[in-house]
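Here the structure is laid out as C-alpha coordinates; the discussion comes afterwards.
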Amino acid sequence: MTQLFYDTDADLSLLNNKTIAIIGYGSQGHAHALNLKDSGMDVIVGLYKGSKSESKAVSDGLQVFSVSEACEKADWIMILLPDEFQKDVYLKEIEPNLKEGKILSFAHGFNIRFGLIKPPSFVDVVMIAPKGPGHTVRWEYQNGQGVPALFAVEQDSSGSARSLAMAYAKGIGGTRAGILETNFKEETETDLFGEQAVLCGGLSELVKSGFETLVEAGYQPELAYFECLHEVKLIVDLMVKGGLSQMRDSISNTAEYGDYVSGKRLINSDTKKEMQKILKDIQDGTFAKNFVEECDKNKPLMTKLREENSKHEIEKVGKGLRSMFSWLK
(Lines of atoms letter the chains of each structure in order from A and count residues from 1; the text may use other names and numbers.)
(Lines give C-alpha, C1' and ligand atoms only; values in the text may rest on other atoms or scores of the structure.)
Protein backbone atom coordinates (compact mmCIF):
# COMPACT_ATOMS: atom_id res chain seq x y z
CA MET A 1 0.00 0.00 0.00
CA THR A 2 1.18 3.53 -0.77
CA GLN A 3 2.93 5.15 2.20
CA LEU A 4 1.68 8.38 3.73
CA PHE A 5 4.02 10.62 5.71
CA TYR A 6 3.05 12.56 8.82
CA ASP A 7 4.38 15.22 11.21
CA THR A 8 7.03 12.94 12.71
CA ASP A 9 8.44 12.20 9.25
CA ALA A 10 9.19 15.83 8.37
CA ASP A 11 11.68 18.27 9.91
CA LEU A 12 10.33 21.81 9.95
CA SER A 13 13.68 23.16 11.20
CA LEU A 14 15.06 22.69 7.68
CA LEU A 15 13.16 25.86 6.79
CA ASN A 16 14.73 27.89 9.58
CA ASN A 17 16.76 30.85 8.32
CA LYS A 18 15.12 30.60 4.91
CA THR A 19 13.05 33.39 3.43
CA ILE A 20 10.06 31.95 1.58
CA ALA A 21 8.52 34.04 -1.21
CA ILE A 22 4.92 33.22 -2.08
CA ILE A 23 4.29 34.43 -5.63
CA GLY A 24 0.60 35.23 -5.85
CA TYR A 25 -1.91 35.83 -3.07
CA GLY A 26 -5.07 34.16 -4.28
CA SER A 27 -6.77 31.19 -2.68
CA GLN A 28 -3.69 28.97 -2.37
CA GLY A 29 -1.20 31.82 -1.96
CA HIS A 30 -3.10 33.22 1.00
CA ALA A 31 -3.26 29.81 2.69
CA HIS A 32 0.38 28.88 2.10
CA ALA A 33 1.68 32.25 3.26
CA LEU A 34 -0.33 32.45 6.47
CA ASN A 35 0.12 28.80 7.42
CA LEU A 36 3.89 29.05 6.96
CA LYS A 37 3.93 32.32 8.89
CA ASP A 38 2.00 30.73 11.75
CA SER A 39 4.48 27.83 11.65
CA GLY A 40 7.24 30.32 12.44
CA MET A 41 8.66 30.77 8.96
CA ASP A 42 9.97 33.99 7.39
CA VAL A 43 7.42 34.63 4.63
CA ILE A 44 7.18 37.42 2.07
CA VAL A 45 4.77 37.86 -0.83
CA GLY A 46 5.54 38.74 -4.45
CA LEU A 47 2.84 40.55 -6.44
CA TYR A 48 2.69 42.60 -9.63
CA LYS A 49 2.37 46.35 -9.24
CA GLY A 50 -1.21 47.39 -8.60
CA SER A 51 -2.38 43.94 -7.53
CA LYS A 52 -5.73 43.97 -5.76
CA SER A 53 -4.32 41.40 -3.34
CA GLU A 54 -1.64 43.72 -1.96
CA SER A 55 -3.81 45.42 0.65
CA LYS A 56 -5.10 42.05 1.87
CA ALA A 57 -1.60 40.62 2.23
CA VAL A 58 -0.43 43.71 4.11
CA SER A 59 -3.45 43.61 6.42
CA ASP A 60 -2.62 39.96 7.08
CA GLY A 61 0.76 41.08 8.41
CA LEU A 62 2.92 40.13 5.45
CA GLN A 63 5.59 42.12 3.64
CA VAL A 64 4.81 42.61 -0.04
CA PHE A 65 7.36 43.18 -2.79
CA SER A 66 7.35 43.07 -6.56
CA VAL A 67 7.78 39.55 -7.90
CA SER A 68 11.35 40.32 -8.93
CA GLU A 69 12.27 41.79 -5.54
CA ALA A 70 10.67 38.94 -3.65
CA CYS A 71 12.55 36.36 -5.72
CA GLU A 72 15.82 38.20 -5.22
CA LYS A 73 15.35 38.20 -1.43
CA ALA A 74 14.05 34.64 -1.16
CA ASP A 75 15.77 31.32 -0.59
CA TRP A 76 12.55 29.49 -1.48
CA ILE A 77 10.21 30.58 -4.27
CA MET A 78 6.70 29.11 -4.41
CA ILE A 79 4.84 29.93 -7.63
CA LEU A 80 1.10 30.08 -6.96
CA LEU A 81 -0.12 31.82 -10.09
CA PRO A 82 -2.61 30.51 -12.68
CA ASP A 83 -0.94 28.03 -15.04
CA GLU A 84 -1.25 30.29 -18.08
CA PHE A 85 0.63 33.17 -16.43
CA GLN A 86 3.52 31.24 -14.92
CA LYS A 87 5.81 31.03 -17.95
CA ASP A 88 5.93 34.78 -18.67
CA VAL A 89 6.33 35.71 -15.00
CA TYR A 90 9.04 33.10 -14.62
CA LEU A 91 11.05 34.32 -17.60
CA LYS A 92 10.76 38.02 -16.76
CA GLU A 93 10.78 38.13 -12.97
CA ILE A 94 11.88 34.82 -11.46
CA GLU A 95 14.58 33.24 -13.62
CA PRO A 96 16.92 36.29 -13.49
CA ASN A 97 16.92 36.02 -9.69
CA LEU A 98 17.69 32.31 -9.40
CA LYS A 99 21.00 31.45 -7.78
CA GLU A 100 22.65 28.24 -6.68
CA GLY A 101 21.03 26.83 -3.57
CA LYS A 102 17.59 28.35 -4.12
CA ILE A 103 14.46 26.23 -4.21
CA LEU A 104 11.83 26.67 -6.91
CA SER A 105 8.48 25.13 -6.07
CA PHE A 106 5.02 24.63 -7.51
CA ALA A 107 1.60 23.43 -6.36
CA HIS A 108 0.82 21.88 -9.76
CA GLY A 109 3.19 20.40 -12.32
CA PHE A 110 1.68 21.72 -15.56
CA ASN A 111 4.46 24.12 -16.59
CA ILE A 112 7.26 21.71 -15.72
CA ARG A 113 5.59 18.61 -17.20
CA PHE A 114 4.96 20.28 -20.56
CA GLY A 115 8.29 22.10 -20.76
CA LEU A 116 6.95 25.63 -20.51
CA ILE A 117 9.32 26.38 -17.63
CA LYS A 118 12.85 24.96 -17.76
CA PRO A 119 14.70 25.71 -14.51
CA PRO A 120 18.51 25.85 -14.40
CA SER A 121 20.30 22.79 -13.03
CA PHE A 122 21.62 24.58 -9.94
CA VAL A 123 18.27 24.93 -8.13
CA ASP A 124 16.03 22.39 -6.45
CA VAL A 125 12.65 21.96 -8.13
CA VAL A 126 9.88 20.54 -5.95
CA MET A 127 6.11 20.42 -5.69
CA ILE A 128 3.79 20.61 -2.71
CA ALA A 129 0.16 20.27 -3.78
CA PRO A 130 -2.60 20.37 -1.14
CA LYS A 131 -5.62 18.34 -2.23
CA GLY A 132 -8.12 21.01 -1.35
CA PRO A 133 -8.96 24.67 -2.03
CA GLY A 134 -7.01 27.37 -0.27
CA HIS A 135 -9.73 28.38 2.18
CA THR A 136 -9.94 24.76 3.36
CA VAL A 137 -6.14 24.51 3.70
CA ARG A 138 -6.21 27.62 5.89
CA TRP A 139 -9.31 26.73 7.90
CA GLU A 140 -8.11 23.21 8.69
CA TYR A 141 -4.70 24.52 9.77
CA GLN A 142 -6.29 27.07 12.11
CA ASN A 143 -8.37 24.29 13.65
CA GLY A 144 -5.35 22.11 14.35
CA GLN A 145 -6.03 19.82 11.41
CA GLY A 146 -4.64 19.66 7.90
CA VAL A 147 -5.46 18.89 4.28
CA PRO A 148 -3.69 15.93 2.62
CA ALA A 149 -1.06 16.95 0.10
CA LEU A 150 1.13 15.54 -2.63
CA PHE A 151 4.84 16.24 -2.80
CA ALA A 152 7.39 15.59 -5.52
CA VAL A 153 10.98 16.27 -6.50
CA GLU A 154 11.78 17.10 -10.11
CA GLN A 155 15.35 18.27 -9.57
CA ASP A 156 17.58 17.67 -6.55
CA SER A 157 20.54 20.01 -6.83
CA SER A 158 21.15 20.32 -3.09
CA GLY A 159 20.78 16.65 -2.23
CA SER A 160 18.09 17.62 0.29
CA ALA A 161 15.16 18.49 -1.98
CA ARG A 162 12.94 15.65 -0.76
CA SER A 163 13.38 16.53 2.92
CA LEU A 164 12.86 20.21 2.15
CA ALA A 165 9.63 19.51 0.27
CA MET A 166 8.34 17.44 3.19
CA ALA A 167 9.28 20.25 5.59
CA TYR A 168 7.30 22.76 3.52
CA ALA A 169 4.33 20.39 3.47
CA LYS A 170 4.54 20.25 7.26
CA GLY A 171 4.67 24.04 7.42
CA ILE A 172 1.31 24.37 5.66
CA GLY A 173 -0.28 21.61 7.74
CA GLY A 174 -0.20 18.82 5.17
CA THR A 175 1.60 16.27 7.35
CA ARG A 176 -1.12 16.56 9.98
CA ALA A 177 -3.43 14.77 7.53
CA GLY A 178 -0.78 12.86 5.56
CA ILE A 179 1.29 13.57 2.47
CA LEU A 180 1.81 11.27 -0.49
CA GLU A 181 4.92 11.17 -2.68
CA THR A 182 4.50 11.39 -6.44
CA ASN A 183 6.29 12.99 -9.39
CA PHE A 184 5.48 15.96 -11.62
CA LYS A 185 4.37 13.79 -14.54
CA GLU A 186 1.98 11.67 -12.51
CA GLU A 187 0.49 14.60 -10.58
CA THR A 188 -0.09 16.67 -13.69
CA GLU A 189 -1.62 13.94 -15.83
CA THR A 190 -3.91 12.55 -13.13
CA ASP A 191 -4.99 16.02 -12.01
CA LEU A 192 -5.91 17.10 -15.54
CA PHE A 193 -7.68 13.83 -16.24
CA GLY A 194 -9.70 14.02 -13.02
CA GLU A 195 -10.78 17.58 -13.83
CA GLN A 196 -11.76 16.83 -17.40
CA ALA A 197 -13.28 13.37 -17.24
CA VAL A 198 -14.86 13.32 -13.80
CA LEU A 199 -14.83 16.33 -11.49
CA CYS A 200 -15.53 19.23 -13.82
CA GLY A 201 -16.15 18.16 -17.41
CA GLY A 202 -17.77 14.80 -16.75
CA LEU A 203 -19.86 15.84 -13.77
CA SER A 204 -21.01 19.15 -15.27
CA GLU A 205 -22.26 17.49 -18.45
CA LEU A 206 -23.89 14.65 -16.50
CA VAL A 207 -25.75 17.13 -14.29
CA LYS A 208 -26.88 19.26 -17.24
CA SER A 209 -28.02 16.26 -19.29
CA GLY A 210 -29.99 14.85 -16.36
CA PHE A 211 -31.63 18.22 -15.74
CA GLU A 212 -32.50 18.64 -19.43
CA THR A 213 -33.94 15.12 -19.67
CA LEU A 214 -36.38 15.73 -16.82
CA VAL A 215 -37.40 19.23 -17.94
CA GLU A 216 -37.92 18.10 -21.55
CA ALA A 217 -40.15 15.30 -20.22
CA GLY A 218 -42.38 17.88 -18.56
CA TYR A 219 -41.17 17.82 -14.97
CA GLN A 220 -40.78 21.01 -12.93
CA PRO A 221 -37.31 22.57 -13.43
CA GLU A 222 -37.04 23.09 -9.67
CA LEU A 223 -37.47 19.37 -8.99
CA ALA A 224 -35.01 18.56 -11.77
CA TYR A 225 -32.49 20.89 -10.10
CA PHE A 226 -32.92 19.19 -6.74
CA GLU A 227 -32.57 15.69 -8.16
CA CYS A 228 -29.71 16.30 -10.58
CA LEU A 229 -27.60 19.02 -8.95
CA HIS A 230 -28.47 19.84 -5.35
CA GLU A 231 -28.33 16.25 -4.12
CA VAL A 232 -24.96 15.59 -5.75
CA LYS A 233 -23.25 16.97 -2.64
CA LEU A 234 -25.17 14.61 -0.36
CA ILE A 235 -23.95 11.59 -2.30
CA VAL A 236 -20.40 12.87 -2.78
CA ASP A 237 -20.05 13.59 0.95
CA LEU A 238 -20.94 9.95 1.66
CA MET A 239 -18.40 8.76 -0.94
CA VAL A 240 -15.64 10.94 0.49
CA LYS A 241 -16.34 9.78 4.02
CA GLY A 242 -16.51 6.05 3.37
CA GLY A 243 -16.14 5.20 -0.29
CA LEU A 244 -18.71 3.83 -2.72
CA SER A 245 -19.67 1.02 -0.34
CA GLN A 246 -20.60 3.33 2.53
CA MET A 247 -22.55 5.51 0.14
CA ARG A 248 -24.54 2.47 -0.95
CA ASP A 249 -25.04 1.41 2.67
CA SER A 250 -26.55 4.84 3.36
CA ILE A 251 -29.08 5.02 0.54
CA SER A 252 -32.35 3.14 0.08
CA ASN A 253 -32.46 -0.31 -1.48
CA THR A 254 -34.40 1.23 -4.34
CA ALA A 255 -31.61 3.71 -5.01
CA GLU A 256 -28.92 1.05 -4.66
CA TYR A 257 -30.67 -1.30 -7.09
CA GLY A 258 -31.08 1.55 -9.58
CA ASP A 259 -27.40 2.35 -9.15
CA TYR A 260 -26.35 -1.15 -10.20
CA VAL A 261 -28.75 -1.70 -13.10
CA SER A 262 -28.80 1.78 -14.64
CA GLY A 263 -25.36 3.25 -13.96
CA LYS A 264 -23.59 1.14 -16.58
CA ARG A 265 -26.18 2.07 -19.20
CA LEU A 266 -24.70 5.57 -19.02
CA ILE A 267 -21.08 4.96 -18.09
CA ASN A 268 -20.01 1.94 -20.12
CA SER A 269 -17.16 0.65 -22.28
CA ASP A 270 -17.78 3.38 -24.86
CA THR A 271 -17.50 6.04 -22.17
CA LYS A 272 -14.28 4.46 -20.93
CA LYS A 273 -12.84 4.49 -24.46
CA GLU A 274 -13.55 8.22 -24.65
CA MET A 275 -11.89 8.66 -21.26
CA GLN A 276 -8.84 6.87 -22.62
CA LYS A 277 -8.76 9.30 -25.56
CA ILE A 278 -8.95 12.23 -23.15
CA LEU A 279 -6.07 10.76 -21.15
CA LYS A 280 -4.02 10.26 -24.30
CA ASP A 281 -4.53 13.92 -25.28
CA ILE A 282 -3.20 14.88 -21.87
CA GLN A 283 -0.25 12.49 -21.98
CA ASP A 284 0.95 13.43 -25.47
CA GLY A 285 0.64 17.17 -24.81
CA THR A 286 -2.30 17.83 -27.14
CA PHE A 287 -4.44 19.35 -24.40
CA ALA A 288 -1.59 21.50 -23.08
CA LYS A 289 -0.79 22.74 -26.59
CA ASN A 290 -4.43 23.64 -27.22
CA PHE A 291 -4.76 25.39 -23.87
CA VAL A 292 -1.59 27.44 -24.35
CA GLU A 293 -2.72 28.47 -27.85
CA GLU A 294 -6.16 29.40 -26.49
CA CYS A 295 -4.58 31.58 -23.80
CA ASP A 296 -2.22 33.20 -26.32
CA LYS A 297 -5.32 34.30 -28.28
CA ASN A 298 -6.87 35.75 -25.10
CA LYS A 299 -9.21 32.78 -24.58
CA PRO A 300 -11.89 33.39 -27.27
CA LEU A 301 -13.33 29.85 -27.19
CA MET A 302 -13.24 29.66 -23.42
CA THR A 303 -14.98 33.04 -23.12
CA LYS A 304 -17.67 31.97 -25.62
CA LEU A 305 -18.32 28.65 -23.85
CA ARG A 306 -18.32 30.31 -20.43
CA GLU A 307 -21.00 32.75 -21.60
CA GLU A 308 -23.10 30.04 -23.25
CA ASN A 309 -23.02 27.84 -20.15
CA SER A 310 -23.89 30.75 -17.87
CA LYS A 311 -27.18 31.12 -19.77
CA HIS A 312 -28.25 27.49 -19.28
CA GLU A 313 -31.64 27.11 -17.60
CA ILE A 314 -30.10 25.20 -14.70
CA GLU A 315 -28.22 28.36 -13.69
CA LYS A 316 -31.38 30.49 -13.59
CA VAL A 317 -33.34 27.87 -11.67
CA GLY A 318 -30.48 27.25 -9.26
CA LYS A 319 -29.97 30.92 -8.53
CA GLY A 320 -33.62 31.32 -7.62
CA LEU A 321 -33.69 28.25 -5.38
CA ARG A 322 -30.41 28.99 -3.63
CA SER A 323 -31.66 32.46 -2.71
CA MET A 324 -34.35 30.72 -0.64
CA PHE A 325 -31.97 28.30 1.12
CA SER A 326 -31.22 29.83 4.52
CA TRP A 327 -28.26 27.48 5.07
CA LEU A 328 -26.52 28.80 1.95
CA LYS A 329 -26.78 32.48 2.91
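From the backbone N, Cα and C atoms, a Cβ is placed for every residue, glycine too.
The following features are taken from Swiss-Prot:
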type: DOMAIN; residues: 2-182; note: domain 'KARI N-terminal Rossmann'
type: BINDING; residues: TYR25, GLY26, SER27, GLN28, SER51, SER53, ASP83, GLU84, PHE85, GLN86, GLY134; note: NADP(+) binding site
type: ACT_SITE; residues: HIS108; note: active site
type: DOMAIN; residues: 183-328; note: domain 'KARI C-terminal knotted'
type: BINDING; residues: ASP191, GLU227, GLU231; note: Mg(2+) 2 binding site
type: BINDING; residues: ASP191, GLU195; note: Mg(2+) 1 binding site
type: BINDING; residues: SER252; note: substrate binding site
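Overlay of Swiss-Prot feature records on the structure.
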residue : record                 : DSSP class
SER51   : NADP(+) binding site   : coil
ASP83   : NADP(+) binding site   : helix
HIS108  : active site            : coil
GLY134  : NADP(+) binding site   : helix
ASP191  : Mg(2+) 2 binding site  : helix
GLU227  : Mg(2+) 2 binding site  : helix
SER252  : substrate binding site : coil
Cβ-based isolation winner (fewest other Cβ atoms within 10 Å) among the binding-site residues ASP83, GLU227, GLU231: GLU231
TYR25 (NADP(+) binding site) and the residue listed as 'substrate binding site', Cα-Cα, nearest whole angstrom: 45
Candidates ASP83, PHE85, HIS108, GLY134 (recorded positions) - the one closest to ASP191 (Mg(2+) 2 binding site) by CA: HIS108
Residues satisfying Cβ distance under 8 Å from SER27 (NADP(+) binding site), sequence separation of at least 6: PRO133, GLY134, HIS135
Cα-Cα distance linking TYR25 (NADP(+) binding site) and GLU195 (Mg(2+) 1 binding site), given in Å to the nearest integer: 23
Site with most surrounding Cβ atoms, counting all protein chains shown within 10 Å, from the binding-site residues ASP191, GLU195: ASP191
Candidate with the highest Cβ count within 10 Å, taken from the binding-site residues SER51, SER252: SER51
Cβ neighbours within the same chain of the residue listed as 'active site' - under 8 Å, at least six residues apart: ASP83, MET127, ALA129, GLU187, THR188, ASP191
PLDDT averaged over every residue in the domain 'KARI C-terminal knotted' (183-328): 97
Which listed residue (PHE85, GLY134) has most other Cβ within 10 Å, given these are binding-site residues: GLY134
Packing count at TYR25 (NADP(+) binding site) (other Cβ atoms within 10 Å of its Cβ): 27
Site diameter for NADP(+), Å, by largest Cα distance between TYR25, GLY26, SER27, GLN28, SER51, SER53, ASP83, GLU84, PHE85, GLN86, GLY134: 19
Integer Cα-Cα distance in angstrom, SER51 (NADP(+) binding site) to GLU227 (Mg(2+) 2 binding site): 41
